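Sequence annotations record features per position, and here TrEMBL assigns domain 'tRNA methyltransferase TRMD/TRM10-type' to 1-226. Annotation comment: TrEMBL describes G111, I135, G136, D137, Y138, V139, L140 as S-adenosyl-L-methionine binding site.
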Amino acid sequence: MRFDVVTIFPEFFDTLDISLLGRARRGGTVSWTIHDLRDHTHDRHRTVDDTPYGGGAGMVMRPEPWGEALDGILDGADDPLVIFPSPAGEVFSQAMARELSAESHLVFGCGRYEGIDQRVFDHTAARARTRLVSIGDYVLNGGEVAVVAMLEAIIRLVPGVVGNPESLVEESHEAGLLEYPSYTKPKEWRGLSVPDVLLSGNHGAIADWRHAASEERTRRVRPDLLPPS
Ligand code: ADE
């Protein structure tokens, strides 16, 4: 699986080389290239933004560097999916991460300032599948942190990246419920003990307890995830 990211802050993506994702890249399961948008400017100041037509606060990213950067990635590419992180996009979820983990080539375009000139989206959508995606209802300074979060959620679902695929099955959001609480050694810690059922060796009882704990937690913290009763 291949990823391309266009950004004016390539350093944001240095962290991807740490831990699991770095191991997946070194093992050849996934590959990514980070492109500096400013390499596609042709003025002394490497300008990527300008004032908005129609007035208003903030700056808008000019279309020309974007056009050149995306040409270099999309020309000749085999059915890529282009994602622009944006608070105005559809909301990212575990279901979307799973869907995207089945793609072969994802391209992320990170906007900054007040956004990217609309013609970049329109031109891109005319030549490739294009989606605007938000990681939640809050505003970041740019798309970089959103893309790091999405990449981590997507790459860990690529077959072969997480050593034990069973660990992906029971986690939060996979079954429509939040994950149950986990415990490890010691049995007693600062006066707090591990629930007896987890020490019982009774696998049926343990599964029932975990399911009930998941439901209770979901009802308390995220009732919106439960089907209407
Ligand atoms: N850029 C700024 N805020 C964002 C958000 N919430 N999700 C994705 N991209 C963003």
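Yeah, the Cβs are placed from backbone N, Cα and C, and that goes for glycine too.
All TrEMBL annotations are machine predictions without curation.
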Exercise for review: May I ask which of the binding-site residues G111, D137, V139 have a CB within less than 6 Å of any atom of ligand 1, listed in sequence order?
Suggested key: V139
Check your understanding: Out of these binding-site residues, I135, V139, which one has the fewest other C-beta atoms within 10 Å of its own C-beta?
Key -> V139
Study note, to complete from the structure: If you rank the binding-site residues G111, G136 by how many other Cβ atoms lie within 10 Å of their Cβ, the lowest count goes to G136
Review point. In sequence order, which same-chain residues at least six apart have a C-beta under 8 angstroms from Y138 (S-adenosyl-L-methionine binding site)?
Key: P87
Review point. If you measure every Cα to Cα pair among G111, I135, G136, D137, Y138, V139, L140, the residues listed for S-adenosyl-L-methionine, what is the largest value in Å?
Key: 17
Point to revise | Segment-level pLDDT (mean, integer) for the domain 'tRNA methyltransferase TRMD/TRM10-type' (1-226) | key: 95
Practice item. Using DSSP with the three-state reduction, classify I135 (S-adenosyl-L-methionine binding site) as helix, strand or coil. Key: coil
Practice item. Please state whether DSSP places L140 (S-adenosyl-L-methionine binding site) in a helix, a strand or coil. Key: coil
Practice item. With an 8 Å cut-off on Cβ-Cβ distance and a minimum sequence separation of at least 6, pull the same-chain contacts of D137 (S-adenosyl-L-methionine binding site), or say none. Key: P87, V91
Revision key, fill the gap. Row L140 (S-adenosyl-L-methionine binding site), column other C-beta within 10 angstroms, all chains, value 16
